[in-house]
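Features as listed in TrEMBL:
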- 61-99: domain 'Sphingolipid delta4-desaturase N-terminal' (DOMAIN)
- 1-22: region 'Disordered' (REGION)
- 99-118: transmembrane segment (TRANSMEM)
- 124-148: transmembrane segment (TRANSMEM)
- 160-181: transmembrane segment (TRANSMEM)
- 209-230: transmembrane segment (TRANSMEM)
- 242-260: transmembrane segment (TRANSMEM)
- 266-287: transmembrane segment (TRANSMEM)
Amino acid sequence: MAPPPPTAVLTETVSTPAPVSPGYTKPVNSIADLPKATVENVQDDPRHPLYLGDWERSVPGKDTYFAIDDLDEPHIKRKNAILQKHPEIKELYGCDKNTIWITMLAAASQVALAYLFGRVLTDYTWTMVLVAYVVGGSFTSLYGVIIHETCHSLAHTNHFVNRLVGLCANIGIVFPIAMSFRRHHLEHHTYQGVIGKDPDLPLDWEVKIIGNHPFLKIIWVFFYPLMYVVRGAAQGKRLTPWEITNIFFTLCTDTLIWFYCGPRGFIYLFMSLWLGYGFHIGAVHFIQEHYTFTDGQETYSYYGSGNKLFMNIGYHNEHHDFVKIPWSGLPAVRDTAPEFYNTLSYHTSWVMVLWMFITDTILAPQSRAVRFYRDHLVGRRFFKVPGFGATSPTLSKKAQ
């Protein structure tokens with residue numbers, strides 16, 4: 001039997017330790033600073049096979065910092081553990097070109113609605129607001145899922161085509177996010193939870209200002225689109241050529257939308273963006289994915305009906321474990337390896353996730369698990385997946 005969703009097993013915990021590295025104590029700036037892995041200094045990862053940590057989640061009011069893990073992120077190793085038992089999962093690797101047609105239909109539909117409210121139904125303001133939330137917000141959330149797929153080149157075998165699909169999905173968003181999200185999201189996968197490297201982590205001032213007040217958490221969720229931009233900017237990285245291309249492309253499409261759909265049409269798209277990435281059921285996966293509802297588990301899947309509308313975005317453990325599998329193949333991953341995924345805690349209701357995050361006193365922006373970069377590297381090099389020999393197979397340059 002699958003475990004209850006994490007929303008049903010919340011309990012009090014003890015305080016989290018202060019943010020000091022409990023692992024390798026020598027200065028480590030890269031994998032090159034570590035000794036070579038040998039039979040003598042490599043051991044089996046104690047988290048095998050589920051790769052759950054021994055940390056306790058951070059509780060607002062008792063703890064002032066995130067929960068701290070002292071090993072590397074779990075997904076690459078859990079992937080290898082699963083492939084030991086189910087090598088047939090590799091048959092699911094590839095892309096789903098249906099994503100391209102879904103993108104074109106969704107982009108055209110949203111622009112058509114912008115034209116409808118911008119040029120035809122010009123007196124139906126409150127109807128426009130309602131449609132922007134219910135329909136436009138759903139389209140915006142769907143665009144986010146599509147852009148996410150293209151980040152991993154899962155819409156087509158050609159990387160250039162994936163970027164074009166991402167730009168197409170960006171038409172209805174009116175803000176250039178596709179290429180920036182691609183860079184930040186790939187870094188999130190590589191450095192999940194690593195302090196200073198994972199752009200998905202809340203900033204320190206978010207944790208301090210929002211705290212654990214229900215009203216402030218509502219405000220935080222409402223302004224989440226802005227928070228995502230601020231977190232990326234906080235890393236201070238230069239724009240890539242593709243990000244500059246995205247800006248130019250979006251300026252052109254926004255100009256065309258303003259000209260053909262009018263200011264009201266543009267406002268409709270902007271409201272759809274803000275509502276779709278904020279207080280919208282399709283955006284709850286931003287909380288569902290990595291906010292800690294149980295001790296030791298930093299990633300959560302959602303197995304509710306919303307996956308049918310939003311292209312299985314809820315299958316987040318499956319996605320992090322197998323980033324080469326497109327959205328349509330993720331349910332098969334769970335079906336193939338139920339002894340792994342049905343043993344992990346998971347969600348069945350996005351509504352309950354949002355409700356508990358806002359109202360529960362032990363959930364807040366600080367409810368994340370983090371790790372120091374050197375502990376991440378030490379875990380990668382010296383703690384192996386049992387059965388893979390003296391050195392870990394997870395030491396690819398990309399994963400470091």
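Every residue gets a Cβ built from N, Cα and C, even glycine.
Just so it is clear, the model here is predicted, and its values are computed rather than measured.
Sequence-distant contacts of the transmembrane segment (160-181) (same chain, at least 6 residues past either end, Cβ-Cβ under 8 Å): 99-100, 103-104, 106-107, 110-111, 114, 139-140, 143-144, 146-148, 150-151, 153-154, 229, 232, 240, 242-243, 245-247, 249-251, 253-254, 257, 266, 269-270, 272-273. If you look at the transmembrane segment (266-287), the same-chain residues 6 or more away from its ends with a CB under 8 A from one of its CBs are 110, 113-114, 117-118, 128-129, 131-133, 135-142, 144, 172-175, 218, 221-225, 228, 254, 257-258, 302, 306, 309-310, 313-314, 316, 350-351, 353-354, 357.
Over the domain 'Sphingolipid delta4-desaturase N-terminal' (61-99) the predicted model carries a mean pLDDT of 97. Sequence-distant contacts of the transmembrane segment (209-230) (same chain, at least 6 residues past either end, Cβ-Cβ under 8 Å): 60-61, 177, 202-203, 273-274, 277-279, 283, 286-287, 354, 357-359, 361, 364-365.
DSSP states for the domain 'Sphingolipid delta4-desaturase N-terminal' (61-99), grouped as helix (H, G, I), strand (E, B) and coil, give 19 helix, 4 strand, 16 coil.
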